[in-house]
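Notes follow once the structure below has been shown.
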Amino acid sequence: MSLLPAIITGLALGSMYGLLALGFHVTYAVSGTVNFSQGSSMTLGAVAGYFFLVLWGWPGALGIPAVLAICALYGLIIERYAVRPFVQRGSDNWLMATVAVGIIVDNLMLFVFGKEPRGFPSMLAVKPIQIVEGAGVYPLQLLIPVIGLLLATALHLFTRRTRHGVAMLAVVQNPNAARLMGIDVGRAIAASYAVSAVLAGIAALLIAPLFNVSSEMGTLFGIKAFAAAIIGGLGSAWGVMLAGLCLGLIEVFATSYLGSVYTQIDPKVVEGAAKRSMVDHVRAMLDFHKMGVPTLDYGNNIRQMAKEEGLHNAFDFPGFVPAYIRPLFCRG
């Protein structure tokens, strides 16, 4: 890939990461919580867009608002049932609750949509524009960074220059003071989750014509977007967008000039590293057991895996249930 097309492709890809990362920023800036189901919001938007715009042939003026409305509703549901109950109790379990909701939605999309990727036709991704001899880019690739930067600018100006935006930021800084000022804290937080999901829906509709639609497309995008959010700073709209752009450029340049092997993790490598980690974990517990330290495991899976990897004495220390729970039942 030539230099200029690589830059444009990287900016388009990075804008997707940036849009998703903006979703992390919005919820964090308003509520101090993070929507870890952001990837599933993207998947939901892409699948809904496929059904409305491709399968059922709705016009864009009707289908796009419908997709974004579904994403907004999904964001509101996440806030109401996966975040608010835990925040009100002062618990951090909203983190795992949002992850769980995302997993449920991803599996629902797999059931409804199927596993095979499907095309998402777009007039802006049919005929490439020749920018240098022998290399071109689709108009959509030029449009995506523009939309991403405009949304980041609009979000930044809204939260810094408007009364409602400043009020939303005041919620996380001092909720009680915000209430005294007449700010509906619950509504502000719910709105942030709706906006977060809508940003993911916009990203889905923009990227689907270039990457196709699949029931798991949001997973990898969500992970990389969260990385961009952390790098750019969850509290800065411009920071997360610029970090997303940089991440996209690095990925495209690495793929173009080093090969995709350097940008995609081999699952077998990860699996092997995880198994070796389990062996080390169990070996350390065996050492504690030999030293007389009370040692137990909460299940057999990790010890069984260590045994299969060659640690034959992995079961020399007891599990939690045989050591503590079963005797209680035996004593009645």
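Placed from the backbone N, Cα and C atoms, the Cβ positions cover glycine too.
The domain 'Urocanase Rossmann-like' annotation in TrEMBL covers 264-324. The transmembrane segment feature in TrEMBL is assigned to 6-30, 42-58, 94-114, 138-158, 188-211, 223-250.
Sequence-distant contacts of the transmembrane segment (138-158) (same chain, at least 6 residues past either end, Cβ-Cβ under 8 Å): 8-9, 11-12, 14-16, 18-19, 22, 25-26, 122, 124-129, 164-165, 199, 202, 206-207, 209-210, 237-238, 241, 244-245. Here the listed stretches are 6-30, 42-58, 94-114, 223-250, and the one with the most C-beta pairs under 8 angstroms to the transmembrane segment (188-211) is 6-30. Relative to the transmembrane segment (42-58), the listed stretch 94-114 leads the set 6-30, 94-114, 223-250 in CB pairs under 8 A. Sequence-distant neighbours of the transmembrane segment (94-114) (same chain, 6+ residues past either end, Cβ-Cβ under 8 Å): 33-40, 43-44, 47, 50, 74, 77-78, 81-83, 86-87, 213-216, 218-219, 222. Counting same-chain residues at least six beyond the ends of the transmembrane segment (6-30), those with a Cβ under 8 angstroms from any Cβ of the stretch are 38-39, 41-42, 131, 137, 140-142, 144-145, 147-149, 151-152, 155, 159, 168-169, 171-172, 188-189, 191-193, 195-197, 199-200, 202-203, 206-207, 210, 221-222, 224-226, 228-229, 232, 234-237, 240-253, 256. According to DSSP, the domain 'Urocanase Rossmann-like' (264-324) comprises 37 helix, 2 strand, 22 coil.
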